[in-house]
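Asker: Let me begin by handing over the structure; questions about it come next.
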Amino acid sequence: MKPEEARARAEELRREIEYHDHRYYVLDDPVIEDAEYDRLVRELVALETAYPELVTPDSPTQRVGGRPREGFVTVQHRAPMLSLANAFNAADLADFDRRVRTGLADEDVDYVVELKFDGVAVSLTYEHGRLVRGATRGDGVTGEEITPNLRTIRSIPLRLRQPGAPNVIEVRGEVYMPKEAFARLNERREDAGLPLFANPRNAAAGSLRQLDPGITAERKLDIWLYGIGYTDGIVFGRHSEALAWLGEQGFRVNPHTRIFSTLEEVERHLEHWREARFELPYVIDGLVLKVDRLDQQERLGTTLKSPRWAVAYKYPPEQAETTVEDIIIRVGRTGVLTPTAVLSPVRLAGTTVSRASLHNEDLIREKDIRIGDVVLIHKAGDIIPEILGSRPEKRTGRETPFAMPVQCPECASLLVRPEGEVGVYCSNVACPARLERSLLHFVSRNAFAINGLGPAVIQQLLERRLVADPADLFTLTREELVGLERIGPKSADNLLKAIQNSKRNSLARLIFSLGIRHVGERAARLLAERFGSLAGLMAAGREELEAVPEIGPKIADSVLNFFAREQNRRVVAKLVRAGVNTVADRPAAAGTGPLAGKTFVLTGTLEEFSRAEAAARIEELGGRVVSNVSRRTDYVVLGKNPGGKYDKAVKLGVNIIEEPEFKRLLSGIQSY
């Protein structure tokens, strides 16, 4: 492909990927299969690898990249990001409405009523249609510049969709973590023995303040845009018009925004969302009222802290009393024992709550929770049931203090509590409960993502002794699957196909799937990038592991202990024999990989590789592709009809390899 053809194709791919990103992340209406989308992205990555000069800051491939930063820079907002005054009841709303109408000499007023998202306020600055800066609200006048982290949020456009955008525009929105993503994040953190986030807002805030954008990208954040802070080239008459324009430009604007002209309509809307809010996939803690006409907003003005033309109505937090009927123990995939309170069913925040995790023995003792206690509960972030504390004044004397068992409730093995940790663990690596949850973890969405292998199927496979470890999944037959309940021939074929397709998963997914204690998705990716293969990771010593950024002594110990066990090494060997991918599927970290330090030049036309594909394969293994031959070049890969690079390589005595030898080089490296 000629350079001008590559440039045109790269721009075509960017536009196509942006279109599908908008359909998926903003409109929630995809029109393309995941596999086809992935193919487009891979083609663009390959082109930009082969032609680095084609990479642009707003390319979809540049959402996550660069080294972790050392800190955050403070920047000034073009217009202050003021906080909103609060209203907590009907009287407060009536006072606000009266002040507005008095300030406008009883003119007609329309209110835009928006959901009040419980997240992190940010500003996004676009210059000539391209995202150049993102910042937190901070103190309203200045905030922290977090552009690399905000770029990882797929629903934030890197460039505006419609032509004619102003030279400079600063828009405002609320970054949030969806309920499902929050629940999964805390589950993974609990499994890995990490502190839990109290609510989605804290999780979103912590994710945005990561020095490494790669961590932010893994947290599944999203955003709703709610206004324009500054623009130098476009004028709106109403706030609702500005919201419509933002939607046309590709931003996510919440569909539940409404316009009302009377306070009675507003109050009915507030009552509707008092219960309906719990059905949303994200957390809201109230609604926001804004005067719609911008000329009226200007006349009403602002105080030092907040605009006079807007107010935030906040719902009171929901709490309930119930009784602890029992405390049971759950054994996780790493062997950690998690106590769970069985509660008398009670209605709370839109659902019936009957259980709440107590996390560990220390927390039970700290909150003085006993079996039979009356306790006060709420939902952390309107999602996760949490016991706030007991009500000692309501005790009858029949309550029973809880004591952690000394043996595993599943296999009767001895329990251990590692020094310096709050968790208690089953010492038996073959514990049935650990095995079941290890399998469920292995096939989960963030691990090997094998559709159709849910809890019911896993349980049957274990009961019939068809699997004893994750590697056995790859030897299942059609006959064995058809013999399971509710698995017909078609379902069996689909399941076998999903299992076979999962063999091509990345090395990072494989490492995460193994369930190594303290090794989450982020650590798995870092280890995959550093060592390039599962064999390389297994051979690594303590110093090599701790030399990886963010991999401290705790994770290093876990990795060493995991691969020191004969049983785990046998599982890995079975996975290799089954054909599971065990090498890095992405460029190795700088200075690592089998081709680390090797420089390649490509010349001529290859039969089985495009130039972009060959470059990508070299980069995946840690090598480097350059355009000019020099004495520092290690290999010149020779295709048909080579140019002057071949002559220069001969003159300089550089090692020249033809396509068959190049293929042998790649296959030899990837077979270890």
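Glycine residues also receive a Cβ, built from the backbone N, Cα and C atoms like all the rest.
Since this is a predicted model, take the numbers as computed values, not measurements.
Pulled from Swiss-Prot, these are the listed features:
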ACT_SITE  Lys116  active site, N6-AMP-lysine intermediate
BINDING   Asp34, Ala35, Glu36, Tyr37, Asp38, Ser83, Leu84, Glu114, Arg137, Glu174, Lys290, Lys314  NAD(+) binding site
BINDING   Cys408, Cys411, Cys426, Cys431  Zn(2+) binding site
DOMAIN    590-672  domain 'BRCT'
Asker: Which residue counts does DSSP yield for the domain 'BRCT' (590-672) in the helix, strand and coil classes, in that order?
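Answerer: Summed by class, the stretch gives 31 helix, 18 strand, 34 coil.
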Asker: Can you give me the residues near the recorded Zn(2+) site, meaning same chain, not Cys408, Cys411, Cys426, Cys431 themselves, Cβ no more than 8 Å from the center of the site's Cβ atoms?
Answerer: Val331, Gly335, Pro409, Glu410, Ala412, Ser413, Ser427, Asn428, Pro432, Ala433, Arg434
Asker: Which of the recorded positions listed here (Glu36, Asp38, Leu84, Lys116, Arg137, Lys290) have a Cα atom within 10 Å of the Cα of Cys411 (Zn(2+) binding site)?
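Answerer: Of Glu36, Asp38, Leu84, Lys116, Arg137, Lys290, within range: none.
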Asker: Across all protein chains in the structure, which of the binding-site residues Leu84, Cys408 has the highest Cβ count within 10 Å?
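Answerer: Answer by Cβ density within 10 Å: Cys408.
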Asker: Could you work out which of the binding-site residues (Cys411, Cys426, Cys431) has its C-beta surrounded by the smallest number of other C-beta atoms within 10 A?
Answerer: Cys411
Asker: Tell me the Cα distance separating Lys116 (active site, N6-AMP-lysine intermediate) from Cys426 (Zn(2+) binding site), rounded to the nearest angstrom.
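Answerer: Rounded to the nearest whole number, the Cα-Cα distance is 44 Å.
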Asker: Which one of these recorded positions, Lys116, Arg137, has the sparsest Cβ neighbourhood, judged by other Cβ atoms within 10 angstroms?
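Answerer: Arg137, out of the recorded positions Lys116, Arg137, has the fewest neighbouring Cβ atoms within 10 Å.
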Asker: For Lys116 (active site, N6-AMP-lysine intermediate) and Arg137 (NAD(+) binding site), what Cα-Cα distance in Å is obtained after rounding to a whole number?
Answerer: 16
Asker: Over all shown protein chains, what is the count of other CB atoms within 10 A of the CB belonging to Lys290 (NAD(+) binding site)?
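Answerer: So the number of other Cβ atoms within 10 Å of Lys290 (NAD(+) binding site) is 22.
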Asker: So among Glu36, Asp38, Leu84, Arg137, Lys290, all listed as binding-site residues, which is physically nearest to Cys408 (Zn(2+) binding site)? Use the C-alpha atoms.
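Answerer: In terms of Cα distance, Cys408 (Zn(2+) binding site) lies closest to Asp38.
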